[in-house]
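Trainee: Submitted below is the structure of interest, expressed as structure tokens.
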Amino acid sequence: MEPLYEEILTQGGTIVKPYYWLSLSLGCTNCPYHIRTGEEARVPYTEFHQTFGFPWSTYPQTKHLTFYELRSSSKNLIQKGLASNCTGSHNHPEAMLFEKNGYLDAVIFHNSNIRHIILYSNNSPCNEAKHCCISKMYNFLMNYPEVTLSVFFSQLYHTEKQFPTSAWNRKALQSLASLWPQVTLSPICGGLWHAILEKFVSNISGSTVPQPFIAGRILADRYNTYEINSIIAAKPYFTDGLLSRQKENQNREAWAAFEKHPLGSAAPAQRQPTRGQDPRTPAVLMLVSNRDLPPIHVGSTPQKPRTVVRHLNMLQLSSFKVKDVKKPPSGRPVEEVEVMKESARSQKANKKNRSQWKKQTLVIKPRICRLLER
């Protein structure tokens, strides 16, 4: 394999100079060392903020920056580094890393333990004629089928309809995503921002990492998630909880304006939060499977149980009709009982005839229930 670069060892890592850059470009501040490894891959926080749009939302810029990690099959880190674009020769970082007989090709050739390549880019890879980044990445993966590639980005590059190359870039992203599970494409969001800061930004530790997320950054991450899913025709199987219900209701108007205008067109100094709204909206990343979500009713609104109140009219006594009490109701038997009642004159009769009992028949009629007719 013919080497196409020169790697120079430094105290913190290495700097790489491709051989075909025979002269320095006066219009590029990174020439000729566009690839750096180890601690040389760290950048100042100001540069990271301007390039990746963190913690503010993204805004138009022309600089391309890609951090990368090379890991083994057991996920152990073998090498970390960065690649920057060249404004003089108009090369993108992905094109430098994945070109045939390029840097990653040579590194894997000398270290067969590399099984995972992870990219953290401020822009998604493109496939425009001057760069052909996705084509080089695709061919690289065809030569190394045992190597997986995970691409994380902070904004999509030239995929909107106003760009002439948008259809070409979207089609190329679909082709790259078709290599799943060897390839995954995802936006940077949630705790991944803090991990990148700790690994690739200078003078950053766990205590100094900015914890709160700005609402504009959260909205941009959500927009990137659904946009990349629509491009590669993938269904989002997880729902993120980046905003609480209360904050989400407060930011509905901002979200509507966000869809109509470019992402974060104003600089951080120009942004002024409205009164009564906290500009620092905390972000909590929650992955919830659709199977754990409550069922969603589609179509008409499900009927709620109705409460039925029955009104009862009080019955008036004047409305009752009482049947003749002398007549027993039909079907009711009359019981006749014969009893022996002592006569009032028994005392006189006893004198004459010791005792005399008179039979009297007493008819006892059962009580007649009053029949109420409505």
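Each residue, glycine too, has its Cβ placed from N, Cα and C.
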Trainee: Can you match one of H92, H110, H116 to the Zn(2+) site that Swiss-Prot gives for C126, C133?
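Mentor: The record-listed residue among the candidates is H92.
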Trainee: Using the Cβ center of H92, C126, C133 as the Zn(2+) site position, which other residues in that chain lie within 8 Å, going by their Cβ?
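Mentor: Near the Zn(2+) site, the remaining chain residues are H64, P93, E94, A95, N123, P125, N127, E128, H131, C132, I134, Y157.
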Trainee: Tell me the Cα distance separating C126 (Zn(2+) binding site) from E94 (active site, proton donor), rounded to the nearest angstrom.
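Mentor: E94 (active site, proton donor) to C126 (Zn(2+) binding site), Cα-Cα distance: 9 Å.
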Trainee: So which one is it: of the binding-site residues C126, C133, which has the fewest other Cβ atoms within 10 Å?
Mentor: C126
Trainee: Work out the three-state DSSP category of C126 (Zn(2+) binding site).
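Mentor: Coil, per DSSP.
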Trainee: For the domain 'CMP/dCMP-type deaminase' (60-176), what's the model's average pLDDT?
Mentor: 90
